Structures are given as C-alpha cells and as structure tokens.
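To start, the structure under review is shown below, and the notes come after it.
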C-alpha cells in the first residue's frame, strides 16, 4: 500500500519578539491512506491558557501556498476551514500545555508540510 509522507517543522517566535513562546510539533512522518493523521503541538515558554491567543494548524502542499486548517482557544472553542471541517478535529490539553490535530481518512491530497502556530 502506498504511504503518504507528512513533514513536521518547528515553528518558533522570532528572537526579537518579546515573547519567547516556542511551539514544538510531534507525530508520525508517515501515515497510510485512509488512516488518521495525529499531530501534537507542545507550547513552552508560556501558558496555553493565557488569554487572547488562538492556537492554529496550517499546512502547505508542495509548491503551493499556505492553507489554514483551523484553530482552538484554550477554553476549547474551535473554528475549522469549511472545506476540511468534516475531517478535522482540533483539541487542547491545558494540563500538558498542548494542542492537537486529527485529520481523518487521509489521501494523497493531504500530503503537505503541517505547521502549528499562535
């Protein structure tokens, strides 16, 4: 069965930004078609529960622009890209200072670089 590759990158705040919040992604780099892609973003240097921020997932298909997947607030409120809404779940675990992405029923069209961001 053909495998799909999912690349993870570290997205961190620039050094000149006063906030030293860093986001570290983790998850498999390889998922089979029809399976669920699960990624986690761990926030360090600040609390995910600090008000005023939305925690997002974004992806970039090869040779294309960025596509916003969705975001979550620390309270659990979510908003998803309408074109992906039926396949995507974003959740937050404030006790671990993490938020996660689940993308179900992946296909070759989901091959992309996945970013977490604030």
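Placed from the backbone N, Cα and C atoms, the Cβ positions cover glycine too.
Marked as signal peptide by Swiss-Prot on the basis of sequence analysis: 1-19.
Per Swiss-Prot, region 'Framework-1' is recorded for 20-44.
Taking H, G and I as helix, E and B as strand and the rest as coil, DSSP gives the domain 'Ig-like' (20-118) the counts 3 helix, 48 strand, 48 coil. Summarising the annotation, Swiss-Prot assigns domain 'Ig-like' to 20-118.
Residues or ranges marked as disulfide bond by Swiss-Prot on the basis of sequence analysis: 41-116.
Same-chain residues lying 6+ beyond the ends of the region 'Complementarity-determining-1' (45-54) with a Cβ under 8 Å from its Cβ atoms: 19-22, 71-74, 92, 94, 97-99, 118. According to Swiss-Prot, the feature region 'Complementarity-determining-1' maps to 45-54, an assignment based on similarity to another entry.
For the region 'Framework-2' (55-71), the list of distant contacts is 39, 41, 43, 48, 78-81, 84-85, 88, 90, 92, 99, 101, 103, 111-118: same-chain residues at least six beyond its ends, Cβ to Cβ under 8 Å. As annotated by Swiss-Prot, region 'Framework-2' applies to 55-71, with the evidence given as similarity to another entry.
Here Swiss-Prot flags 72-78 as region 'Complementarity-determining-2', drawing on similarity to another entry.
Among the features that Swiss-Prot reports, region 'Framework-3' is placed at 79-116.
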